[in-house]
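Peer 1: A single structure is presented below for examination.
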Amino acid sequence: MRKRKISVCQQTWALLCKNFLKKWRMKRESLMEWLNSLLLLLCLYIYPHSHQVNDFSSLLTMDLGRVDTFNESRFSVVYTPVTNTTQQIMNKVASTPFLAGKEVLGLPDEESIKEFTANYPEEIVRVTFTNTYSYHLKFLLGHGMPAKKEHKDHTAHCYETNEDVYCEVSVFWKEGFVALQAAINAAIIEITTNHSVMEELMSVTGKNMKMHSFIGQSGVITDLYLFSCIISFSSFIYYASVNVTRERKRMKALMTMMGLRDSAFWLSWGLLYAGFIFIMALFLALVIRSTQFIILSGFMVVFSLFLLYGLSLVALAFLMSILVKKSFLTGLVVFLLTVFWGCLGFTSLYRHLPASLEWILSLLSPFAFMLGMAQLLHLDYDLNSNAFPHPSDGSNLIVATNFMLAFDTCLYLALAIYFEKILPNEYGHRRPPLFFLKSSFWSQTQKTDHVALEDEMDADPSFHDSFEQAPPEFQGKEAIRIRNVTKEYKGKPDKIEALKDLVFDIYEGQITAILGHSGAGKSTLLNILSGLSVPTKGSVTIYNNKLSEMADLENLSKLTGVCPQSNVQFDFLTVRENLRLFAKIKGILPQEVDKEIQRVLLELEMKNIQDVLAQNLSGGQKRKLTFGIAILGDPQIFLLDEPTAGLDPFSRHQVWNLLKERKTDRVILFSTQFMDEADILADRKVFLSQGKLKCAGSSLFLKKKWGIGYHLSLQLNEICVEENITSLVKQHIPDAKLSAKSEGKLIYTLPLERTNKFPELYKDLDSYPDLGIENYGVSMTTLNEVFLKLEGKSTINESDIAILGEVQAEKADDTERLVEMEQVLSSLNKMRKTIGGVALWRQQICAIARVRLLKLKHERKALLALLLILMAGFCPLLVEYTMVKIYQNSYTWELSPHLYFLAPGQQPHDPLTQLLIINKTGASIDDFIQSVEHQNIALEVDAFGTRNGTDDPSYNGAITVCCNEKNYSFSLACNAKRLNCFPVLMDIVSNGLLGMVKPSVHIRTERSTFLENGQDNPIGFLAYIMFWLVLTSSCPPYIAMSSIDDYKNRARSQLRISGLSPSAYWFGQALVDVSLYFLVFVFIYLMSYISNFEDMLLTIIHIIQIPCAVGYSFSLIFMTYVISFIFRKGRKNSGIWSFCFYVVTVFSVAGFAFSIFESDIPFIFTFLIPPATMIGCLFLSSHLLFSSLFSEERMDVQPFLVFLIPFLHFIIFLFTLRCLEWKFGKKSMRKDPFFRISPRSSDVCQNPEEPEGEDEDVQMERVRTANALNSTNFDEKPVIIASCLRKEYAGKRKGCFSKRKNKIATRNVSFCVRKGEVLGLLGHNGAGKSTSIKVITGDTKPTAGQVLLKGSGGGDALEFLGYCPQENALWPNLTVRQHLEVYAAVKGLRKGDAEVAITRLVDALKLQDQLKSPVKTLSEGIKRKLCFVLSILGNPSVVLLDEPSTGMDPEGQQQMWQAIRATFRNTERGALLTTHYMAEAEAVCDRVAIMVSGRLRCIGSIQHLKSKFGKDYLLEMKVKNLAQVEPLHAEILRLFPQAARQERYSSLMVYKLPVEDVQPLAQAFFKLEKVKQSFDLEEYSLSQSTLEQVFLELSKEQELGDFEEDFDPSVKWKLLPQEEP
């Protein structure tokens, strides 16, 4: 074990390098990340071209003159309601000079005013009286008063023009608003008090106060710019959120288990994105300073603000990655929070918020950032330089904002760390909410050695007869002690107990296997032992370290190597880089990292793939890499969860050898689904069932207690008589049973306790050659049978035991079940009649349409994108409607004094001030002052008139009172920043005069605006349709690219093999896609007509557009199909194609707009650009509509031909699709009735390579294949004939000028599969199995040779194959029943027959409970069952099974094997099966063929291959007295001189005996019986080589030179070393 030292710095650096490599190698993601940011930066850079910053110099007082000098009256006055009082008031108003000659009209209500206004040619001012003293003045928008309510502190309120200075505050004065207000106020006062003040109010003068210099931003552009600043880091933050969430979910818990510190994980991502933020903040500060958006504040101020804001967003992304589990949602949530909180920050720009509220809201970093930006704008406005913050100018607020952003960053990080601790991860690991209050969290004291409790010492269940006691030498070596461990998960409705009170020990120096069915709790137990999961109750100690203590867990991480069930690697790193990363995470010393990596690469034979990216590795290579990561650092404890899953036998044996070499002084615990792996590798097996401990012990113990016995396999010739052999066997062993028989083969079960009878039996078998026995072998009961017996299930033996119909099961109900399965499956042979021709074509179309519709229901992203596109079409309508409602409802702003002036006793606060009144009468004006004070206004009075109110802009307004003979005269001075100042001061003066006479009432004036009514437009709705059509032209990629998914999950290939016609596939898709797309058009037209119902003019053109829309739908959908077919091997990229369609359409619209009166150009555009066809038709139709409306000429019929263009496009794309299918599509199984594509027979090419040095069995098979090929008797022909197959692939060039070298996958392979036969095709990765399967299915065309399937040369045509691929070619969201019904329809079964067949198959394979379950919710075993059922559905004569039982537990494998045997036994069908699992081949195959380096190395029955190529027998003995071990070893070497001791575990001794030492078998058993009696053996077993051993022996011949490195990195083998005695 290598010394480890966990270093946060080393881990951080390793993870940081990993993150940089990810960014470099995932160029698409990195490009999008930076491109989005840079595009936003570019938008900010071009800002000066569309925005004007007002740098306004100081301005002296502006004199506006008397209010009655307004004489440019362009409006008439309408008022309501009409009463005596209002009539008197408005008559007085009408007598004013500026309304001379203008009409003042009274109308009864608002509706009457609207009707009058709509037909009146001049501008109208509406006066609406609420009561005598309150009224609304409503001016037309843009006339008489500004449209905005108020100026903001950062916006410009005055502008320099060529001739003069324009201030918006003067609009009220110059456009007549104040004049009309003064006239109405004077009339009200005169009518209600009989006191005329018309002269006083008409003589009021106005002035703008002196203005200081300012720099003002203005308009919506400023807000858009600020919004762009808010989202300036969004691209980085989105990808940071996605990456961190994804890595936390998939890898962090596993890396933590290896010793990763949390701080290293967060630092690695934080430092990476801090660097990105630093660069982006630098660019942003440069752009903002160069564009003069922020003028006076220094570069460092802007840079620090953006830098801290970006860092806070990174911290926020980390926090959300913990609270939100899905990566996409995390990025979306962070973006929405940024936008929402940032937009909330606009309130700081437009409102003066209380300081306490600003501090609280600044805990939201986007708000704090916007607060900082608002402060910078305000500083610019006030001309305060802010190169460096200084308290004297108020810029210390920027320092406070920066502090809050830094505080937010720390707060978000602290919350992220806290929530990560207390929220359970996917394994349920969590800490209590107040964990930080415990002293153990802050100081980890040295722990004391754990002392086993008394109940722990006595709790081991070894005393039970189902548990073998540990050998004496292991007493005291209990490394892992499991006591009363229970694990519960929350379920619906009850809790699920994964483990139930487990109690057992695991010993140092032993390899222990955890066995059990799927869901037994194996992975859960290993997760608990590795620290990933926490038990609900119970305790676990590992080398006296308690898993419940965090300090102990950290210590154990240095001792443990874990290989979880899922592969652990980063796909964007190479094999070496993955190993280096995890070596550093594990704390291997830096100087030893390279040496350790080199060791692992050599031991696992991965040197040749060390520079291959993990994403390019095969499944087996990824598994080997995960195992390599587990053994890094030579750990003392190995916890391996199915470490050899997906490995070929050669690689499995590599792993076994490595574990055997390391077991001394180490603890090795692994789980597996392969019973043979546990049998060979593990010293001790622990069986779990339903979470409970079932039994534990060595193989010999378990086989003796639950095994069936020995299996005697006899290979027979033609003269054999079964009854004679059975009689002979029973003569020696009466309780022997004939367990299975097949053509040329008998298998008997011999009880274990009858081994003393074996010598005489074998002697007689050798002595009677006339019995017809060619050879025989004996094998011990398998651990698989033990497992199934423990589970209470029946089994078929791995040497062909329990061939259905001949099974002698131990239980009657098992026998009935097996026979029933055979009857059910064989009954399907009668259902051979299927429909064909056009009827089948229509049925297939409906089936594919159903699939498309079901898939569409679950394509949420595509539907969401479609919905967003349609919603975008509502934007113009929505904006227009909103704006109309805003102004139709007329913003009403009361001109109250409290807009600008303080109330008495109110604390001063911005922007309110006191009202300054200057007395220049030379006398007392107390009566007026008292009247103004009565309006609840705080006054500052200059009683002596010494001040000039116009020179002091610190006040919002000032009133200067002068004396003019008998009356007062007034001069109003307003601060130019206060937009409504003049109307407010006019009301104050008016109420002051009214109060002097009648103090109990006040006049209230409100200002409003209204919109001018538009005129009807007979073709207005076309604009909306046009906008919608531009958007909907981008919809097809989201609707019609489903075929790419079908291609990638191989569903399309599976459908083709099942007999689907290419045209049926595309028309089935189109049936749904075109309908959906046409519904989009219907929706568009309906919404256009509804929203413009009053403006709609329905003509013949609009009716003709309906079939045009139908043709356009077909055209664009089939155009998308063509694109999907061409780019089927790449990514779907719906968004990119949608954008392309959109851009093309937009440019086409521009072309139409500029050439609408050129008749040829729009027609050419419409014809050449399919996405723009509908737009072109609409343009041309609108042009014809104009002609029909404004011309008396009859419309020409010729332009209507343009509506046929979409149908022409559809025909062109359909023909293109047909050509693509014919040229590049795979071999069709049936003749396509529409595309007219017939099944193509490949041209037979002579194989250039003559076979050399072939095995005699392979030569015989080649002759048999040639004879079958030339046979004219189709009834006797095999169902599969593969003759002289050769397949070459084009290799890659190693250099620009190097010659391309072809890679040969198969070399002159010939074999045939007879009726009723299952032929197993075995071989390592790269041996040529998959290529052979692809040639048979038609996926690959052979370079030479030919394949004939039953009926392809005559007789009944083979219309479909049965194919169970290695990858589950299933649709994730469809249920099991839906899959079965679709494939039944594709294969041509009538509905009634399909229902019967589905019911029978479901019952036979026990799939009733899963019928309504979506495939994505099924276990791997159920998916494999479904694939098998789909392959045999429709009773195909040829079935190809590629790893059919992969991923199944032993029980599921047995069910699958039974189904395979029942399906093909005594039928007209045949099957070709490929597998890595030798037990599967032994269980179901009549013959097996082993491929080596693309050639057939051998072929024949299993027993024949064992006898021919098997070199060893395995001898196991268990002694009672350990003192007998050495004498026994000497005796074995004397009896069997070439015996090689394999292992010795205390009382268990294992030897490998060469065949020549064992023959004759009778003599070998005779010797062993003597040994048993002489040495008082407890038990012994002698069994023949397994098929796996034969396979490995033959596989030594696969050499390195057969393939180049760049063809398939998995094909790297070396000669296995010979076993030494």
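Cβ atoms are placed via backbone N, Cα and C, with glycine included.
What Swiss-Prot shows for this protein is this:
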TRANSMEM  30-50  transmembrane segment
CARBOHYD  N84  N-linked glycosylation site
CARBOHYD  N194  N-linked glycosylation site
TRANSMEM  220-240  transmembrane segment
TRANSMEM  268-288  transmembrane segment
TRANSMEM  299-319  transmembrane segment
TRANSMEM  359-379  transmembrane segment
TRANSMEM  397-417  transmembrane segment
CARBOHYD  N484  N-linked glycosylation site
BINDING   G516, H517, S518, G519, A520, G521, K522, S523  ATP 1 binding site
CARBOHYD  N555  N-linked glycosylation site
CARBOHYD  N616  N-linked glycosylation site
CARBOHYD  N724  N-linked glycosylation site
TRANSMEM  864-884  transmembrane segment
CARBOHYD  N948  N-linked glycosylation site
CARBOHYD  N967  N-linked glycosylation site
TRANSMEM  1019-1039  transmembrane segment
TRANSMEM  1070-1090  transmembrane segment
TRANSMEM  1106-1126  transmembrane segment
TRANSMEM  1136-1156  transmembrane segment
TRANSMEM  1197-1217  transmembrane segment
CARBOHYD  N1270  N-linked glycosylation site
DOMAIN    1285-1518  domain 'ABC transporter 2'
CARBOHYD  N1308  N-linked glycosylation site
BINDING   G1323, H1324, N1325, G1326, A1327, G1328, K1329, S1330  ATP 2 binding site
CARBOHYD  N1373  N-linked glycosylation site
CARBOHYD  N1435  N-linked glycosylation site
Peer 1: Whose Cβ, among the binding-site residues A520, A1327, has more other Cβ atoms within 10 Å than any of the rest?
Peer 2: A1327
Peer 1: Pairs of Cβ atoms less than 8 Å apart decide it: which stretch in 30-50, 397-417, 1106-1126 has the most with the transmembrane segment (220-240)?
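Peer 2: When the Cβ pairs under 8 Å are tallied, 30-50 comes out ahead.
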Peer 1: For the glycosylation sites N555, N1270, which one has the sparsest Cβ surroundings, going by other Cβ atoms within 10 Å?
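Peer 2: Taking N555, N1270 as the glycosylation sites, the minimal 10 Å Cβ count falls on N1270.
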Peer 1: Across the domain 'ABC transporter 2' (1285-1518), what does the mean pLDDT come to, as a whole number?
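Peer 2: 84, rounded to a whole number.
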Peer 1: Tell me, how many other CB atoms lie within 10 A of the CB of G516 (ATP 1 binding site), whichever protein chain they belong to?
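Peer 2: Neighbour count, Cβ to Cβ under the 10 Å cut-off: 26.
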Peer 1: Are there residues at least 6 beyond the ends of the transmembrane segment (397-417) whose Cβ is under 8 Å from a Cβ of it, and what are they?
Peer 2: 262, 266, 297, 301, 304-305, 308-309, 311-312, 314-316, 318-319, 321-322, 359, 362-365, 368-369, 371-372, 375-376, 379, 386, 389
Peer 1: Most CB pairs under 8 Å with the transmembrane segment (299-319): which of 30-50, 359-379, 1106-1126?
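Peer 2: It is 359-379, which has the most Cβ pairs under 8 Å.
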Peer 1: Taking just the CA atoms, what is the gap between G521 (ATP 1 binding site) and N484 (N-linked glycosylation site) in Å?
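Peer 2: If we compare the Cα positions of G521 (ATP 1 binding site) and N484 (N-linked glycosylation site), the gap is 14 Å.
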Peer 1: Please give me the CB contact count at 10 A for S523 (ATP 1 binding site), counting all chains in the structure.
Peer 2: 20
Peer 1: Go through the chain and flag residues at least 6 beyond the ends of the transmembrane segment (1106-1126) whose CB is under 8 A from any CB in it; none is fine as an answer.
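Peer 2: Those are 1033, 1036-1037, 1039-1041, 1043-1044, 1066, 1069-1070, 1073-1074, 1077-1078, 1081-1082, 1085, 1137, 1170-1171, 1173-1174, 1177, 1203-1207, 1209-1210, 1213-1214, 1216-1217, 1220-1221, 1224, in sequence order.
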Peer 1: What residues in the same chain, six or more past the boundaries of the transmembrane segment (268-288), come closer than 8 Å to it by Cβ-Cβ distance?
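Peer 2: Here the qualifying positions are 11-12, 15-16, 18-20, 23, 37, 41, 44-45, 229, 232-233, 236, 240, 243-244, 294, 299, 302-303, 306-307, 310-311, 313-315, 318.
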Peer 1: Going by C-alpha positions, which of the recorded positions (N1270, G1326, N1435) is nearest K522 (ATP 1 binding site)?
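Peer 2: Of the recorded positions N1270, G1326, N1435, G1326 has its Cα closest to that of K522 (ATP 1 binding site).
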Peer 1: Between A1327 (ATP 2 binding site) and N1308 (N-linked glycosylation site), how far is it from one CA atom to the other, in Å?
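Peer 2: Rounded to the nearest whole number, the Cα-Cα distance is 13 Å.
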Peer 1: By a simple count, how many Cβ atoms lie within 10 Å of the Cβ of G1326 (ATP 2 binding site), its own Cβ left out?
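Peer 2: Its Cβ shell of radius 10 Å holds 25 other Cβ atoms.
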Peer 1: What is the interatomic distance between the Cα atoms of N84 (N-linked glycosylation site) and S1330 (ATP 2 binding site), given in whole Å?
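Peer 2: Rounded to the nearest whole number, the Cα-Cα distance is 101 Å.
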